[in-house]
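J.: I have a structure here, written as structure tokens, and I will follow up with some questions on it.
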């Protein structure tokens, strides 16, 4: 009888431990290396068994070949099979290194292994961010890591440049959370130099600078960002500044309707219309303005909490007292990830590789809403279905917008239900 009781207690204890590892956000760090190890095996399996699909890699190599082989620094003359080079200078440097590591871009398998390593780094950084926020249950991250064919494809079967920009973005966010703002600003600018979509975070980053450093400090950090862009782009700016600025930072590009994931329910003539683009921009800016007051309050609170932490730390160390204030990271992360999400929501076009722009932030955003867990998981699942529908249909595009609206409304309600701002 006694043995049965002991066995029952041990079984219950084991079940409780498993539940904690799956559902308690404070256990996120405990499963990190397990997930990374499984992802390593999964990615190796994908590389070995699933056929690589050529989309942009060859064009990337042709574009950087113009620099490293022909010595061309005029952006107007750098082209690939898909058209002219349309990314900032950081892209050229990174893919020039990849050009040589993959034997002039011809050894695709080496490129796949490099992008597998980048994927694992991305997962590591995402976990480090979630460790500080302690908001998302570990089981959600497990599901997300292992369930998305599209994300694995973007990394190891397509070799797009988007993952590199996103990895640098997550690294910069982690540096900001660690209070290493100079490094964070430099890394953030490096991310922008790979692809401009990272600028979607810039409105909140600007508010963060202002609330933490004031006007002069903000100017200093913007200068750091600008210097990175200037130094990276200098060879191209010296040669032909107009072609570089127009090519690397062209905001007037018209995307192809057939690749659009999010606007297949509107006619092609409206999709390419300049008026439609202006309307989306206007809505984008309006929604940002609607959240600005909330974000400013969050970021002011975050700056104050970090200051208190900094002032108390020496005294706490002397008394051997440890107080973990990492959870205050949510006050910074929610505005940052929300700003990016809003930009994506009202984007002129989303291509399949753009999924990586916000994929790993979706659980945080959904768990920042007042919805129940089952409903949150359903929304995540529907978004995954939309991004895996190829080619995109009017229904899948419309459904994606419905899911986005649900998340945005939830974030809006969060301000009153759980946030520091009370509805009057």
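First residue shown is number 1, and so on along the chain.
Even glycines carry a Cβ here, placed using N, Cα and C.
Any TrEMBL annotation is an automated prediction that lacks curation.
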J.: Between 45-64, 65-84, 85-104, I'd like to know which one TrEMBL lists as transmembrane segment.
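T.: Checking TrEMBL against the ranges 45-64, 65-84, 85-104, the transmembrane segment one is 85-104.
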J.: Suppose you had to name the range TrEMBL annotates as transmembrane segment; which of 130-156, 265-291 would you pick?
T.: 265-291
J.: Between 6-29, 222-245, I'd like to know which one TrEMBL lists as transmembrane segment.
T.: 222-245
J.: Please work out whether the transmembrane segment (159-177) lies in contact with the transmembrane segment (327-346), by counting C-beta pairs under 8 angstroms that are 6 or more apart in sequence and asking whether there are at least 3.
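T.: Contact criterion met.
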J.: Any chance the transmembrane segment (222-245) and the transmembrane segment (85-104) have 3 or more Cβ pairs under 8 A, given the pairs are 6 or more apart in sequence?
T.: yes
J.: Apart from its near flanks, which chain residues at least 6 from the ends of the transmembrane segment (398-416) lie with a Cβ under 8 angstroms of it?
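T.: That would be 261-262, 265, 287, 291, 294, 334, 338, 341-342, 344-345, 362, 365-366, 368-371, 379, 382-383, 385-387, 422-423.
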J.: Mind checking which residues reach the transmembrane segment (183-210)? Cβ under 8 Å, same chain, six or more beyond either end.
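T.: Distal contacts: 87-91, 94, 161-162, 164-166, 168-169, 171-173, 175-176, 217-218, 221-222, 224-226, 228-229, 232-233, 248-249, 288, 292, 295-296, 299, 302-303, 332, 335-336, 338-340, 342-344, 354, 357.
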